Amino acid sequence: MSSSNNQPNFAPFRDEKNNSLVVILGAQWGDEGKGKIVDLLASQADIVCRCQGGNNAGHTVVANGKTYHFHLLPSGIIQSNCTSVIGNGVVIHLPGLFAEIEAIEKNGVQDCWSKLKISDRAHLVFDFHQEADGLLELEKGDSKIGTTKKGIGPAYSTKASRVGLRVCDLMGDFEDFTKKFKNLVKGYRKRFSELEVDVEKELERYKRYADIIRPSIEDTVFFLSEELKKGNKNIIVEGANAVMLDLDFGTYPYVTSSSCGIGGVCTGLGLPPSTIRNVVGICKAYITRVGAGDFPTFLDSDIGTKLQDIGQEFGTTTGRRRRCGWLDIVVLDYVNRISGLTSIAVTKLDVMDTFEEVKIGTAYIHNGQKLKSFPADHSILSEVEVEYITMPGWKQNISLCRKFSDLPENAQAYILKIEELSGIPVQFVGVGKSRDATIRRF
């Protein structure tokens, strides 16, 4: 917890080979500002990795006066001396990757392909996966989950069914790839009669893709293992989506299709658990959720709309408006139990600069009883009442604060209360969009 000068007693861990491996995870329902914290740390990183998800993720980084939008690429790609790794747990839509690299390079980032390593074990997302994603959502009617329609669920489904196509298939015998691709399309057409796929055109396109991406394809498990053996490596793992969207631990079925917690780091990159020591959970000073699903502290009021407007809460991937609510300590505690957070970053504190008072959700009440843990059952979660504490706002602009002591007393008290309630030291405080608008406490 905090020492007398409000500085937590915390020393960044380095292993016996003097490596530093830091994992950045979303500690809410996504859109917490993970990209900004990764970008802040990436200036000193040797390697930045993505371990799961696909281009359903959306990370925004504001650096050097420019805004960058990431979906598949690790945010570290904008650093000139940093290697970016797309791990085996990621599902890759190659047309989306090509478009993203083109946009990033137009924004001034050079040599993306030469800085990128793509796992040969990663599975591919095809256009028909995306079309099927939309059709599945239509079938659900009123029970739709709010998918991004990027084909992520169908791609992970084919992976689990052991009929998916991997990057190594594309790099191998193209006749064999063709046969597998046609069989996969045939299976999808049986399920979705309205599915339209120009098989020959798609195969021609993927043959071109294969030639372009070949130099970037690597056994990333071996690569990362060898880099750790060398020692003195700074490695960042950039989690996508968020722990509350995790397939196993999230608010099922309103979740994504991958493991978004610490387990997904190990399975999505082939990293032994013993290599991980620093796990930074990213949370907004309030909380947001895009798409359907339970949201206990949701503010269906002018206050929620105010957070939405000031915070510019629109999805990077879909453009949908995000629902907003008060910070939820029950969620943060649950995420910590799953992922073992060593610290947290509280972003967008400045969004609440004009509020007379701010609240923090501290407990869930169901049928008059305080719940001891986060409920798995949707029917229970949808009925909980939230117990809040109320704190005075700070009513002043904090966007130029660069030290914790620069913050107004009430803003400091809010951060320290989050520390007290969660039991997790707050390492970073975000007070604006840009990289430098961040207070680092340790």
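For all residues, glycine too, the Cβ spot is worked out from N, Cα and C.
Remember, predicted model here, so these are calculated numbers, not experimental data.
Swiss-Prot annotations:
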- ASP31: active site, proton acceptor (ACT_SITE)
- HIS59: active site, proton donor (ACT_SITE)
- 30-36, 58-60, ARG322, 348-350, 430-432: GTP binding site (BINDING)
- ASP31, GLU32, GLY33, LYS34, ASN56, ALA57, GLY58, HIS59, THR148, ARG162, ASN241, THR256, ARG320: IMP binding site (BINDING)
- ASP31, GLY58: Mg(2+) binding site (BINDING)
- THR316, THR317, THR318, GLY319, ARG320, ARG321, ARG322: substrate binding site (BINDING)
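Recorded features from Swiss-Prot, shown on the structure.
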residue: GLY33; record: GTP binding site; contacts (Cβ under 8 Å, 6+ apart): ILE282, LYS284, ALA345, THR347, LYS348, GLY430
residue: LYS36; record: GTP binding site; contacts (Cβ under 8 Å, 6+ apart): THR60, VAL61, VAL62, THR347, GLY430, LYS433, ARG435, THR438
residue: ASN241; record: IMP binding site; contacts (Cβ under 8 Å, 6+ apart): GLY26, GLY30, GLN52, GLY53, ASN56, ALA57, THR256, SER258, CYS260
residue: ARG320; record: IMP binding site; contacts (Cβ under 8 Å, 6+ apart): GLY146, VAL290, GLY291, PHE314
residue: ARG321; record: substrate binding site; contacts (Cβ under 8 Å, 6+ apart): VAL290, GLN308, GLU313, PHE314, GLY315
residue: ARG322; record: substrate binding site; contacts (Cβ under 8 Å, 6+ apart): ASP31, THR288, ARG289, VAL290, GLN308, GLU313, PHE314, GLY315
residue: LEU349; record: GTP binding site; contacts (Cβ under 8 Å, 6+ apart): ALA285, ILE398, ALA411, TYR414, ILE415, VAL429, GLY430, VAL431
Legend entry - Nearest-integer angstrom distance between the alpha carbons (Cα) of GLY58 (IMP binding site) and GLY319 (substrate binding site): 10
Inset, instruction - Specify the secondary structure state of GLY58 (IMP binding site) as given by DSSP, simplified to three classes. - result: coil
Legend entry - Longest CA-CA distance among ASP31, GLU32, GLY33, LYS34, ASN56, ALA57, GLY58, HIS59, THR148, ARG162, ASN241, THR256, ARG320, per record bound to IMP, angstrom: 34
Legend entry - Other CB atoms within 10 A, centred on GLY30 (GTP binding site): 27
Inset, instruction - Could you check the binding-site residues ASN56, THR148 and say which one's CB has the fewest neighbouring CB atoms inside 10 Å? - result: THR148
